[in-house]
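Annotated in TrEMBL:
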type	residues	note
DOMAIN	65-184	domain 'ABC3 transporter permease C-terminal'
TRANSMEM	17-35	transmembrane segment
TRANSMEM	55-81	transmembrane segment
TRANSMEM	115-144	transmembrane segment
TRANSMEM	164-183	transmembrane segment
TRANSMEM	204-225	transmembrane segment
TRANSMEM	237-261	transmembrane segment
TRANSMEM	291-314	transmembrane segment
TRANSMEM	548-571	transmembrane segment
TRANSMEM	605-627	transmembrane segment
TRANSMEM	639-660	transmembrane segment
Amino acid sequence: MFCKLALRNVHRSVKDYSLYFLTLLFGVCVFYVFNSLENQWVMEALHTNERGVNYTGAILQLVDVVSVFVAVVLAFLILYANSFLLRRRKKELGTYLLLGMEHSRIALLLSLETLVIGLAALVCGLVLGFFLAQALSAFTAALFRIRVEQFYFVFSWKGVGKTILYFGIIFLLVMVLNVVTVARQKLIRLLQANRQNQSLKLQSLWASVVFFLLGAVLLGIAYTLLLRRGLLTIDRIFALMLALGTLGTLLFFRSLSGFLLRLGQSNKKLYYRELNMFVLRQFNSRITTHYLSMTVVCLLLLLAIGITACSVGVNNTVESNVGRDAPVDMTLRVEDYEYENFSEELPGYLAEAGFDPESELTAYASVTRYVVDFPLAQPVTVQGEVYENRVMEYAMSLSDYNALMAIQGKGPYTLEPGTYGVVEGTEEYQTAHLFWGAGAQFVLDGVTYSPDPDFHTSGAYFTSDIRLSSLFIFPDGFLESLPKDQYAFCQYFLAGNYAGDADAAEDALWACINNLHNVIAQHQEMQSSSLSLTTYLSLYAESMGTKLLVLFLGLYLGIIFLVTSAAVLALQQLSQAADNVERYRILSRLGVEERMRDRSSDIQVFLAFFLPLVLAVVHSIVGMKAANDVIAQLGKLDTVASSAVTALFILVVYGLYFLATCWSSRRILRDL
């Protein structure tokens, strides 16, 4: 009988429990999706494509750590939602006490109801999470271009166990809270819950002005500190900046309780139109009591917007860096400190080692990059420093550079007699192009070489796992004819694109590297050389870790913070709607049309949802400016893409909660 009563209460209060249930369901779903990653087939596929880089293990460890934080956030959200539901049912609980039911039995009844809702949300959330986990795996595989031989569904029992454990603890806390709350309630308070009015203290206009100005000043100081010092300077001033921003946000919402009402009253025509007077006074009373929660919601929205935008921005930047640093499929580098000059023999050595460039590559070039000690014709000043005698820089012949560019579909380039050009690489700090720009002249073999004003290019000239330095380009035959004492060392490069299956060619190339080292040592009898191989696929595999980590954690935290903020607002508005039923009943008796009543409810929900969002967007614009300065250090920044994805994200999740709240509020207020 007792269980039947609990089930009947849940069924009867389905309107009250709907958003609570959906929030639980969404929390369980997201929690399972990210905690089941370890068992998903896409993580196994990524692990086999790591080529020695164990980033999947690090990602899973970070997801475990973040999941604890997410569970704490969800626990506070669920406890907060449960307190609103208890407040809605005070009169019902008082009736149970009046009929002779003991406090302990009421607490048990609430615990059974919590158990029913929790089990239903857990089962539905796990089912939905199972399908979303497969979708996330497919999306990740497509994102990283992983070939899937056979798609299969994976159900993670570890993810299920972790989800049940965390949410079981949360539901246990809810039950304990229910017991404590019921035990502290008196019968008279429960029965008169609907008659108890909040004592509202009207705030003077001067107080609102002072709060607003003080909040604006504090926010201005916080913004200035953030933009000038950046995000990477973590110290006491950084903590002070966060405190000032939080306090400024609090004062902003505190000041609204006086501003909005006075602003509406200043326009008599608007104020007395339809139910605007009723709406403004209702919302004014809400801000007076809920400015603290609006501050928290605003900060949660700031975190959701910032984390989502930064994750997309970093993800796009990392991906663009791979294309920037890897213009060709492979680059083999051999460093020679004895100057044996065997760049022309390098393709033959590679074929002897087991990888024939003629058949495995569609196009390739074998070139030499020199490190030359250039004598200056006259002193030159670069960035305030005077160079009088010599400059040591990278250099390459014109034909070698054109051969590299031909693989990329660029060039050819030309040089005027007695001139040299410059290529600006991808390294952050470069000097060759600075000397070229300063007009540095070099005297070699009695010939003075001056900068060619028309020869200035930029970008990666072969694939490299480090930033490429700028280098000088000289006419053919000149560098090769210099005496050995002019060089610090030489580097030989073989760069090209795969002809057939890139993965198969990649595996064959890596397999022959050890043999190649032996072949070179056998033919050249070199004692001081080193060999390295960099490929597009290896750079792409290394970037997967960063992309996957940023993408998963960004989506994980962004979704949780956004849902939390939207759910808090939705629960507040539904609770307020339930409290306002009597007021709307009076409006109905006075002859106010249902359309006007619905519109007044929608306006109040709109203000509650979008005032925190507007200030959060302002905060995020300043925060993203500081974050973009950090992200830009990694490479090219695509702010349009990150902003568009974040806006779509907010529009879907936040917008759905807004529409659901409007619909639920209307439904409550129509039950007059």
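Every residue, even glycine, has its Cβ placed from backbone N, Cα and C.
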Does the chain bring the transmembrane segment (204-225) near the transmembrane segment (237-261), so that three or more CB pairs sit under 8 Å (pairs 6 or more apart in sequence)?
yes
Between the transmembrane segment (605-627) and the transmembrane segment (237-261), are there at least three Cβ pairs closer than 8 Å, leaving out pairs fewer than 6 positions apart?
yes
Should the transmembrane segment (164-183) and the transmembrane segment (55-81) be scored as in contact, given a threshold of at least 3 Cβ pairs under 8 Å and pairs 6 or more apart?
yes
Counts of helix, strand and coil residues, the domain 'ABC3 transporter permease C-terminal' (65-184), according to DSSP:
102 helix, 0 strand, 18 coil
I'd like to know the mean pLDDT over the domain 'ABC3 transporter permease C-terminal' (65-184).
77
Against which stretches of its own chain does the transmembrane segment (548-571) lie, if we need a Cβ under 8 Å and a gap of at least six residues from its ends?
19-20, 23, 26-27, 30, 34, 37, 46, 55-56, 58-59, 62-63, 66, 70, 73-74, 77, 80-81, 84, 140, 143-144, 293, 296-297, 300-301, 303-304, 307-308, 310-312, 314-315, 318, 608-609, 612, 649-650, 653-654, 657-658, 660-661, 664
